[in-house]
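Participant: Just dropping this structure here.
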Amino acid sequence: MIILGLDPSLSCTGWGLIRVEGSRISHIANGQIKTDAKAALPDRLVHLDTALAAVIADHAPKCAAVEEVFVNDNPQSTLKLAHARGVVLLGCARGGLTVTQYAPRLVKKAIVGTGGAAKGQVQAMLGVLLPGTKVAGPDAADALAVAICHANHRRR
């Protein structure tokens, strides 16, 4: 089964694809979808949608795992993140994928063993779980972590 992990953001959405065969997990691909901060919001959302649709079409995942949104002190940032998340959820649904959402603390716990793990700890464990994988950046690393979290939870 191919799982698409997603870490939504308006500026840089991370994506990661893993293959699960029994208890074995292997890396397929990962990347980041960046939008132009100077572009109008609708144009940025269209770019995110188009790029995500291409990833889904190219790799034909069976399901998607998306990191849940967190609310911060800046309402504008939270709204922008919510817009991007909506596009990601819609794109996955349009692509025929079942979508499961995971809280960031649960993802960290699934990868490192503690929900309070730092990003560096998550990235280090990804190197152990997916040896030899070149990760496109921190957002792609988070997306791979979400995909692995889903792989672990669907076995239960």
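Cβ atoms here come from the backbone N, Cα and C positions, even for glycine.
Pulled from Swiss-Prot, these are the listed features:
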ACT_SITE  Asp7  active site
ACT_SITE  Glu67  active site
ACT_SITE  Asp139  active site
BINDING   Asp7, Asp139  Mg(2+) 1 binding site
BINDING   Glu67  Mg(2+) 2 binding site
Participant: Would you identify the secondary structure of Asp139 (active site) according to DSSP, in three states?
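Facilitator: Once the DSSP labels are grouped into three classes, Asp139 (active site) ends up as helix.
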Participant: Using all protein chains in view, find how many other C-beta atoms are within 10 Å of the C-beta of Asp7 (active site).
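Facilitator: Cβ-Cβ neighbours of Asp7 (active site) within 10 Å number 26.
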Participant: At the level of the C-alpha atoms, what whole-angstrom distance separates Asp139 (active site) and Glu67 (active site)?
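Facilitator: Asp139 (active site) and Glu67 (active site) have their Cα atoms 11 Å apart.
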Participant: Taking only the Cα atoms, work out how far Asp7 (active site) lies from Glu67 (active site), in Å, as a whole number.
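Facilitator: Asp7 (active site) and Glu67 (active site) have their Cα atoms 5 Å apart.
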Participant: Does DSSP put Asp7 (active site) in a helix, in a strand, or in coil?
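Facilitator: For Asp7 (active site) - judged by DSSP and reduced to three states - the answer is strand.
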Participant: Counting only residues 6+ away in sequence within the same chain, which have a CB under 8 Å from the CB of Glu67 (active site)?
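Facilitator: Sequence-distant Cβ neighbours: Leu6, Asp7, Pro8, Gln101, Tyr102, Ala103, Pro104, Val107, Asp142, Ala143, Val146.
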Participant: Including all protein chains displayed, how many Cβ atoms other than that of Asp139 (active site) lie within 10 Å of its Cβ?
Facilitator: 25
